Amino acid sequence: MSNNINFNKNPDSSVSISKMDVIIPFTPDVPCDNNGQRMWWAFLASSMVTFFGGLFIILLWRTLKYLWTVCCHCNIKNKEAQKVNNPITIQADGTTKTGNEKEEAPASEVGWMTSVKDWAGVMISAQTLTGRVLVVLVFALSIGALGIYFIDSSDPIESCQNFYKDFTLQIDMAFNVFFLLYFGLRFIAANDKLWFWLEVNSVVDFFTVPPVFVSVYLNRSWLGLRFLRALRLIQFSEILQFLNILKTSNSIKLVNLCSIFISTWLTAAGFIHLVENSGDPWENFQNSQPLSYWECVYLLMVTMSTVGYGDVYARTTLGRLFMVFFILGGLAMFASYVPEIIELIGNRKKYGGSYSAVNGRKHIVVCGHITLESVSNFLKDFLHKDRDDVNVEIVFLHNISPNLELEALFKRHFTQVEFYQGSVLNPHDLARVKIESADACLILANKYCADPDAEDASNIMRVISIKNYHPKIRIITQMLQYHNKAHLLNIPSWNWKEGDDAICLAELKAGFIAQSCLAQGLSTMLANLFSMRSYIKIEEDTWQKYYLEGVANEMYTEYLSSAFVGLSFPTVCELCYVKLKLLLIAIEYKSEQRESSILINPGNHVKMQEGTLGFFIASDAKEVKRAFFYCKACHDDITDPKRIKKCGCKRIEDEHPSTLSPKKKQRNGGMRNSPNCSPKMMRHDPLLIPGNEQIESMDANVKRYDSTGMFHWCPSKEIEKVILTRSEASMTVLSGHVVVCIFGDVTSALVGLRNLVMPLRASNFHYHELKPIVFVGSLDYLRREWETLHNFPKVFILPGTPLSRADLRAVNINLCDMCVILSANQNNIDDASLQDKECILASLNIKSMQFDDSIGVLQANSQGFTPPGMDRSSPDNSPVHGLVRQASVTTGSNIPIITELVNDSNVQFLDQDDDDDPDTELYLTQPFACGTAFAVSVLDSLMSATYFNDNILTLIRTLVTGGATPELEALLAEENALRGGYSTPQTLANRDRCRVAQLALYDGPFADLGDGGCYGDLFCKALKTYNMLCFGIYRLRDAHLGAPSQCTKRYVITNPPYEFEMVPTDLIFCLMQFDHNAGQSRASLSHSSHSSHSSSKKSSSVHSIPATNRQNRSSKAREARDKQNATRMNRMGPEKRWFTDEAENAYPRNIQIKPMSTHMANQVNQYKSTSSLIPPIREVEDEC
């Protein structure tokens, strides 16, 4: 056959051809093809023969197999028909066997074909390491083959290539040999050979592998259908899943969409590149156009997007026909895939990723209840400037993305705060925030949730998840309910020694309120001490000026200098206050067994050890450094405390590992209190102290305290025994008591009244000092709480409502020492402004009541009550002579009240005469400054305070809970009730711990300092004489005016300076010893003792509740009480034993009021006329 060669390069030039000839244009690009003959059909034929030949063989095999099955089925039917006549043979061993069993036996054996098939399945399965490696390798080689195609696409579609000289052809050959072997494994492992043959991956192999072998044989290369390798990209998501790179559904879906879109795009571009560069076969390939592969990619994109610029278009008929069909499918794919891809990318977690730790910088993880309010409160305290330089990064982890306000807050603190979206219950998210290298994990609770138990359960699950991931991580979590703390003890890796802490908001809130019942305003002072507040300077002489000066003080810890070693605590305390301008209130003391405990104002017998940690009240952390730097040789003559800095003396502290910031020493210094070493404020064994005689008699058969000796205890009482009707309450003289107004019903969450009662029943009070507690509220609710209250003495219940004035008058609310208003319904209301409506209404209701001041006095005197100021039996130099007692009031506004609030902004409704702005922070409002309002939000600062020093939380709990210990918590977790214990020297020693009291300056041993005296002189005198540590003033709001005022409201001044001038109406906050005469000499003790006491006994007269007639089991004791009442002005009480068995019903319910004598009436009138001049002091004899 003759060939006509046309040397014209113009593709449009006409050529003369015969019908039977195949004429192709010759160009220098194909120099080896002297004839100009194309061999594309040979490459294509190899693929088509392989595909259709294999398909024919498979179909033929299936047909033959089907026919064979039909034939075998007919034979089986014939055999079943013969089975009836088949005899059963009996073998020698006695078994029977038919003839067919010989044929069925081999059927149960596995043939070699099945074994090979299983082996091939394991080889290509991603379930094994070999299979995963093979699958990933095939995918990688497919992408490599596609890359070779991209390189070769710049060459002509068909060209002559020498296999031994063409490097890319050799590599492609090696890839395809591997593909052929892998195809064989897949074919062997396939269960359905027909469907396998029609799979996309199989079709790709048919049209890419055989042409390579043809290329070697013909020494030609045809670009052909090698672009089909792009279809392997569809498996990209599967490969990433095999490698555990893709784990979420969104990421898998995104990769799937992208891989399908890109593979379809590249494959279609490859087909257009082939037909446009080759031309139409029926046009003798003369209508081709030179297009690069990437121009075809561009053409397909503008076609799918329906833009169609027209700069590049298809000229061949095959290309145009393909574009017609592709635009239909491509447009649909583009319109559906691209928006979905963009949506998935746009919806990807903005706060995904992982935390990158910075060398030399710690980080903490904060999770739980993450809201704008909780985060802002936390950051405000954690990053406060008074903490010095906080080189800690805060990583927040929450499963909900932050709103715009919270996001803005994070951006304002971007240098120290990062946010990641995720859950601590997911180990993957814990790995993202590097929880294993975090310094601590803090879990915030939702204080306003409707179901506190559910919230606690969520936080406990978070603790379990975190501890399960990394058992050594330190966790500080907030808990809402006290009884849920016990569940944390069930976590094996929960370790108090390593700094794990649970801040129970209900326990601390109730403890703060209970301490206010003992010393009004103390809750405000303590809340301010453990919160970081900036100093706000006010020039005007207003009460806010003095209040804010005290607010700037906080609690810090620092190691004491070696200059203090060997000195007693009062000596060191005085030196720190006078010289260093620091207030030392407690130390961490190590016993001989190297067990550490926190001692609050321990007394003279405790000497400072080397490396003793002190708890200071100061305005910032830099001031506290003075206690560490103080050197007697260098700083003894310095009067300006600011000049006390590190000196050049060789001191032990230089070698002490205390170069850390004082905020972090406790956690890294290993001085954490162990769970077995309870923070009992034990100073000494009372049996071993000189001057404290041993107990003469000890009744071991009487249980008066719980098993730890920390609380007064009584046998369980049925609730019916303590219920008072309104008439019974009216006939029962109640004075100096605590009225607890509680709102709640059957469905309300429990507030945990035990946490309120326990501090009021601490064993460092004598029995007669215990204030009776009267609960006024729903009986249905109180029944639910009673299980935790039935072991406490002097607790009564008046069923009713706090909004009923008749109920309030029945309990003599005008004679109470404190009225507490609580609500268990606060979190069930969605509107935040209405959450406190019940408490606010009850508070305003009480303040608007009016009372006749004579009624309470008459009732009290008829039952043995001495009006405040009439009891003058204590010596003038006794410190209890100045202890505060509430005088009779005539208006409800003078009743001491503390109201619990949920919403801070509602504090504006408590006082109608204040001018507080609704946006004013809680601590700046008048009710909070006066100690008449308390909100749980003030406890948020304890999270950061506990992180920087875990002993701070121990100190707080010891101060406000009355001495709750880890042992007691473990006991309550087991029995949910206090267990009584016999009095032993060890348990009695636990009573010897200090307590908070308020001291009046109008009368008593400090009266000379009350009128214009300096606070520092009072501080030193009280400390030296009575070991009494003063730490604040409770002052009348208008005292600075210097003129008499009708306002009886007071406010708190924390840690006044030495030269602060006092006024006679001031009340002093002080830490009082259990034995308040411990600081006096023996002569003073003898003088302070009552003359009727034995010389071996010390007087322990202290302020107490109003005394009523007590019923004793002994008639002799009853006669002594009667004699005492008859000679009340002398207060000559009989000698008492330590372990007097007090009657359970110390307060009779039904008492007839006797007619008052003329002598008593004169005393009452005298009291009424001089009540404003007599200081509110009253004492009774010590019961213990």
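Glycine is treated like the rest: Cβ placed from N, Cα and C.
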*Pick from 638-646, 908-916, 1133-1141: which range has motif 'Calcium bowl' per Swiss-Prot?*
908-916
*Would you say whether Swiss-Prot puts D192 on the same side of the membrane as E276?*
yes
_Per Swiss-Prot, the range holding transmembrane segment, considering 290-310, 500-520, 563-583_ = 290-310
_Further Mg(2+) ligand in Swiss-Prot, beside Q416, E418, within candidate set E373, E393, E436, E455_ = E393
*Out of 40-60, 169-189, 194-214, 255-275, 322-342, which stretch touches the transmembrane segment (290-310) the most, going by CB pairs under 8 Å?*
255-275
*What are the DSSP helix/strand/coil residue counts across the topological domain 'Extracellular' (154-168)?*
2 helix, 3 strand, 10 coil
*Which bits of the chain, at least 6 residues beyond where the transmembrane segment (169-189) starts or stops, bring a Cβ under 8 A of a Cβ in it?*
116-117, 120-121, 123-124, 134, 137-138, 141-142, 144-145, 148, 161, 163, 196, 201-202, 205, 208-209, 212-213, 215-216, 221
*May I ask for the distance between C72 (S-palmitoyl cysteine) and N468 (Ca(2+) binding site), taken between their Cα atoms and rounded to an integer number of Å?*
62
*Tell me, by DSSP, whether D911 (Ca(2+) binding site) is helix, strand or coil?*
coil
*Check the topological domain 'Extracellular' (311-321) for me and report the mean pLDDT.*
86
*Just name the most isolated of the binding-site residues N468, Q908, going by other Cβ atoms within 10 Å of its Cβ.*
N468
*How many other Cβ atoms are found within 10 Å of the Cβ atom of C74 (S-palmitoyl cysteine), counting all protein chains shown?*
10
_Long-range environment of the topological domain 'Extracellular' (311-321) - Cβ separation under 8 angstroms, sequence gap at least 6_ = 272, 275-276, 278-280, 283, 287-289, 291, 295, 298-299, 302
